[in-house]
Amino acid sequence: MRLDRFTSKFQIAISDAQSLALGRDHQYIEPVHLMVALLDQNGSPIRPLLTILNVDVTHLRSKLSEMLDRLPKVSGIGGDVQLSSAMGAMFNLCDKIAQKRQDAYISSEIFLLAAIEDRGPLGQLFKELGLTEQKVSQAIEQIRGGQKVNDQNAEELRQALEKFTIDLTERAEQGKLDPVIGRDDEIRRTIQVLQRRTKNNPVIIGEPGVGKTAIVEGLAQRIINNEVPEGLRGRRVLSLDMGALVAGAKYRGEFEERLKSVLNELSKEEGNIILFIDELHTMVGAGKGEGSMDAGNMLKPALARGELHCVGATTLDEYRQYIEKDPALERRFQKVLVDEPTVEDTIAILRGLKERYELHHHVEITDPAIVAAASLSHRYVSDRQLPDKAIDLIDEAASSIRMQIDSKPEALDKLERKIIQLKIEQQALSNEHDEASEKRLRSLNEELNEKEREFAELEEIWNAEKAALSGTQHIKAALEQARMDMEFARRAGDLSRMSELQYGRIPELEKQLDLATQAEMQEMTLLKNKVTDNEIAEVLSKQTGIPVSKMLEAEKEKLLRMEEVLHKRVIGQKEAVEVVANAIRRSRAGLSDPNKPIGSFLFLGPTGVGKTELCKTLANFMFDSEDAMVRIDMSEFMEKHSVARLVGAPPGYVGYEEGGYLTEAVRRKPYSVILLDEVEKAHPDVFNILLQVLDDGRLTDGQGRTVDFRNTVVIMTSNLGSSRIQENFAMLDYQGIKEQVMEVVTKHFRPEFLNRVDETVVFHPLGQDHIKSIAAIQLNRLANRMEEHGYPLEVSDKALELIAQVGFDPVYGARPLKRAIQQSIENPLAKSILAGSVLPDKKIQLIVNNDQIVAHQ
């Protein structure tokens, strides 16, 4: 008997039977071994056959195990296992049956047919189960669908639809699909195309996240509810699983063979099946090797003839990139465009999905949370589509609330840690016997008892609240199940069951839920069971970094005292500080224009007066870190072509994939301070790019993505007019300086650029008093740096006045002061520390001696 006459599945089963005999110390491979191997095989071809024949496979398997146990065992045979004479006779019988049926190969089901004719114990068992040759032959015909076994892989290609597709109508019947709200026009258009005689293949096109797959799920739900035209009633919607189709196709042509078997089975169904191909573009080029066809080309004939009812779904970009390049494939599909829903439509969709998410997370989702999710995601998440981004917010907010319920509340956790800490201290003190330790131990025991009592009370409250929450959850789950049962009864036409549920079980559960909810409504101290708009805002803030949550009292207080905080570091610039503070307050109060940046400012004035320092202080105030500022030195953008560095190189140029310096920074941190330093040094064309940012708060990068600047503060600094200030400094007051500077600025910048800037602020030149205050700030920083190295520093008033005098230069601002501190204080101190003349941990005083600042210890 040649092994290559068997199908590949049958060959694997024979190898498994050999292993089974070897493992059980049997000398011969009997038909029972092979039958067990066939039943245990992964993707067994025998199991579906026995299911059709109404055989209890588990009962059969246990009977076969008993037969194996009765076979004689021979120990120490050294791994020599042979085919028994019964097995040889069985194979010959299989060959005879295969020839009779005109099969080129012997398949697994032929062995079952031969086993029934067997006079041995296996044949006897099948007779007891009521199997006859006629019954098995009919079942084989049903499974094969009239096909002969002309290929070694024939068994793997059988029931291709079950293996390579997912039945959406079946899932809809089981209530596993989410409800589809709205989208009536798109579903109607899809049905309209499916009803055509030829080219009845809609392709649903839209941006990622607008609900393309949901439309097909909606179609499946309408089919099972009989809400479709006569022509589509009773149809099945099958989703093609491309992963299963490609997985394990090792040899050339195997993928095509699988796809062909799917198409053959579809054609046999004669239009009763609608095939849904999600990510349709994956079909173009799938399975393409040198000289072989791809899946897209194999689909074309069936699509054109109208044999295959196919619904595709893909994004706009991928449709253009893959489908439109193949006009022959494109003309076979009819486009159904799906737009992003409006905020109002999204709210309706979320209300429909609300119950599913409540049931999954075991929390309650309030209506304000739904409205907030739709409106906030629409405003602040610009690079994704509704309703997907709004559903994400609801899902994550519900998940965070659930996590708080399941894990210990923060108050309880802190108390537990404190008790552990006190117990460790108690253990350490119990070994000490001096008076102080005993006194401390007594007070510690009192504190520990107090904390443990507090912990016990809180834990009791927590457990009671958890129990209350889980009670409502069980009722909600039962109510959902009752509603699903009612839907099944409606479809089955079981009126008595429907009335029992509608007028008995469901109202009773709703009443129970009301009572449980009222009990739960009593103010909970530890747990929250509701997703409100606050939770949605918190999740959005974590995702994007944009503060949209309601302000706490501390933050309101901080914003009202913003000028005070900024003035601690920025000296003598009242107007500039006020302008910036007002812009931030407008934004946080929600009054700023939603289509423009939070604020855009042009800071002008002489060098060294605090223009850049104000930006750093603002970033520090808003984000507690100066690094949160996106700083771009415009002196690097002097050439015309360097503009591309800001938004990214255009296609075809080197660096296209990398993205722009400015756009990438803002995409990662949508809420930030952008500082364009020394803006007048840049090429004039750079300002053309800034026009869109300042006016509409948006910019398109080199890859065509729109970057949102609406949550940024744009600050530009410039030294324009500083030469005039130097020339006329002694003669002019602040108003005169401002006029001179503005004259130069209006000549240099275009009017459309200046007109778009919210505020143009000219900084004051610094006076002697300002320099003294700045000197105090600078010396304080120096003292902090020295403190870290163990050298405490104290500066006398005279030393402060002297350094302020030395560092004062009305033209150059505060920068000469920095140099003066370096030369007069830092350099001598560094020498003293290295020489060892000043000692660590001993105060160093800076005093004035002969108009010189000296360090004294």
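We number each residue from 1, going along the chain as drawn.
Glycine is no exception: its Cβ is also placed from the backbone N, Cα and C atoms.
Look at Swiss-Prot and you will find 3-146 tagged as domain 'Clp R'. Residues annotated as region 'Repeat 1' in Swiss-Prot, with sequence analysis given as evidence: 6-71. Per Swiss-Prot, region 'Repeat 2' is recorded for 83-146. If you look up Swiss-Prot, you'll see 159-340 marked as region 'NBD1'. Here Swiss-Prot flags G206, E207, P208, G209, V210, G211, K212, T213 as ATP 1 binding site. Taken from Swiss-Prot, the feature region 'Linker' covers 341-545, and the record attributes it to similarity to another entry. The annotation coiled coil is assigned in Swiss-Prot to 391-525 on the grounds of similarity to another entry. Residues or ranges marked as region 'NBD2' in Swiss-Prot: 555-765. Per Swiss-Prot, ATP 2 binding site is recorded for G605, P606, T607, G608, V609, G610, K611, T612, and the stated evidence type is similarity to another entry. The region 'C-terminal' feature in Swiss-Prot is assigned to 766-857.
Annotated features, which come from Swiss-Prot, shown on the structure.
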residue: E207; record: ATP 1 binding site; Cβ within 10 Å: 16
residue: P208; record: ATP 1 binding site; Cβ within 10 Å: 12
residue: G209; record: ATP 1 binding site; Cβ within 10 Å: 17
residue: V210; record: ATP 1 binding site; Cβ within 10 Å: 22
residue: T213; record: ATP 1 binding site; Cβ within 10 Å: 15
residue: T607; record: ATP 2 binding site; Cβ within 10 Å: 15
residue: G608; record: ATP 2 binding site; Cβ within 10 Å: 23
residue: V609; record: ATP 2 binding site; Cβ within 10 Å: 27
residue: K611; record: ATP 2 binding site; Cβ within 10 Å: 28
residue: T612; record: ATP 2 binding site; Cβ within 10 Å: 17
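Excluding G605, P606, T607, G608, V609, G610, K611, T612, which define the ATP 2 site, the same chain contributes F603, E613, T717, N719, F763, G813, A814 within 8 Å (Cβ to the Cβ centroid), listed in sequence order. Taking only the Cα positions, the spacing between V609 (ATP 2 binding site) and P208 (ATP 1 binding site) is 50 angstrom. Taking a C-beta cut-off of under 8 angstroms and a sequence separation of 6 or more, G206 (ATP 1 binding site) has the following same-chain neighbours: K212, T315, L316, L337, V338, D339, E340. For P606 (ATP 2 binding site), the same-chain residues 6+ apart in sequence whose C-beta sits under 8 angstroms from its C-beta are N719, S722, I725, Q726, F763, P765, V811, Y812, G813. Calculated from their C-alpha atoms, the gap between T213 (ATP 1 binding site) and T612 (ATP 2 binding site) amounts to 51 Å. Annotation for G605 (ATP 2 binding site): same-chain Cβ neighbours under 8 Å, separated by at least 6 residues, are K611, N719, S722, I725, V741, V761, V762, F763, H764, P765. If you measure from the Cα atom of V210 (ATP 1 binding site) to that of T612 (ATP 2 binding site), you get 44 Å. Taken together, the residues in the region 'Repeat 1' (6-71) have a mean pLDDT of 82 on the 0 to 100 scale.
Sorting the region 'C-terminal' (766-857) by DSSP state (H, G, I as helix; E, B as strand; all else coil) yields 52 helix, 16 strand, 24 coil. Those residues of the chain, other than G206, E207, P208, G209, V210, G211, K212, T213, with a C-beta within 8 angstroms of the mean position of the ATP 1 site C-beta atoms are T315, V338, Q385, D388. Here E207 (ATP 1 binding site) is compared against the binding-site residues T607, G608, G610, T612, and the shortest C-alpha distance is to T612.
Counting residue by residue with DSSP, the domain 'Clp R' (3-146) contains 96 helix, 6 strand, 42 coil. Distance between Cα atoms for G209 (ATP 1 binding site) and T612 (ATP 2 binding site): 42 Å, as a whole number.
When the C-alpha distances from G211 (ATP 1 binding site) to the binding-site residues T607, G608, T612 are tabulated, the minimum falls on T612.
Cα of T612 (ATP 2 binding site) to Cα of P208 (ATP 1 binding site): a distance of 41 Å. When Cβ atoms from all protein chains are considered, those within 10 Å of G211 (ATP 1 binding site) total 25, not counting its own.
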